[in-house]
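Below you'll find the structure, written out as C-alpha cells, and then a few comments.
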Amino acid sequence: MIRIGTRGSKLALYQANKVAELLKNLGYDVEIKIIKTTGDRVLNKKLSDIGIGVFTKELDLAMLNNEIDIAVHSLKDIPTIWNENLMVGAVLERDSYYDLLIWNKNVDFDENSEIIIGTSSLRRRAFLKFLYPNARFELLRGNVDTRLKKLKDGLYDAIVLSEAGIIRLGINLDDFNYKRLNILPAPAQGIIAVACKRDDEEIKEILKEINHKKTYLGSSCERAALNQFGGGCSVPFGALAVYDEKNEVLKLNAGVVIEDELKTASGEVKCKIDDIDKAIELGKNIGKKLRY
C-alpha cells in the first residue's frame, strides 16, 4: 500500500487523485491522507511574508516520520533548497504554464487604468507592474472558488490565477472576461510533482514509472536558475525552459525584477532528454547572470 500525502484543497486533491490513478493503473494499491499545511492556515499574509515551504513543511515531516510514503505537490511550491533527505521522485507532464488575468464583464480598463488587481504572488505583482503601471495590488488568498467569488463581489477589478488550476478544476469562466498574460511563469508552474524520501529505493523505482522525462528536464533547469536566488517565492523571478526533442536542444528564458527594473537572460544547451546535469548547469548559469 502506497500512502499518498496531500493538502485538502480541491486542487490538491485533484492532483493527488491523478497520481493515485496512475499508480493504480500500474497495479499498486494506494490510499490518500490529507494533511493541513501552514499555507492553508495562514490566509491573511502574502506567501513571501510567511516563508519558504509554506505548502510543503507538514507533508515533509509526515514523510520523514513514515506517516506517508509520498507527497503530491504543485512543483512550484517545493523550495529548491530543501530537506536533504527528500527529493522529487517524479513529475507529471506539464499542463499550461500561463497566468490568466480575469475580470468582471462590467469592468472596462486598459493598460493605463488605475485598477485593483488581486494576487498574493510577488512575481505576478512585479511583472504586472510593467503591463499595468497604474494598478494597485491587493492581497488575494484562499482556494480558487473563494478567489473568484471575491472578484464577483467586486472586491477587486481583476485577479490573477494559473490557467492550469482552472483547467484541472474544470471551472467555467463564461461569467468573466479573461486573457493569458504575457509574463514569465513561476519556475515549474503547471507541473504536478511527487516527493519521496531519498533513501526509499523501492518507492523511487516505482515513481520512475510515472515520471515524464521532458517535463523533468525542463523543470530541473528552471529550478536550478531559481536556486541562485534562494529557492522560494520571496523573489519576483520567472523562468521557462522548453526542450526541442527533434534537435535535442533545451532553451531557457528567465527574468527577475530588482528595484523595479526587469532583468532578463536566456541560453540554450544541446542535451539528451535524460541529461539532467546539463539542464541544471544551464539553469545555474542563467541564474548567475541575473543575480550578478
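Cβ coordinates come from backbone N, Cα and C, glycine included.
Some features that TrEMBL has for this protein:
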type	residues	note
DOMAIN	2-205	domain 'Porphobilinogen deaminase N-terminal'
DOMAIN	220-291	domain 'Porphobilinogen deaminase C-terminal'
MOD_RES	C233	S-(dipyrrolylmethanemethyl)cysteine
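Note on the domain 'Porphobilinogen deaminase C-terminal' (220-291): DSSP counts are 24 helix, 28 strand, 20 coil. Mean per-residue pLDDT, taken over the domain 'Porphobilinogen deaminase N-terminal' (2-205), amounts to 91.
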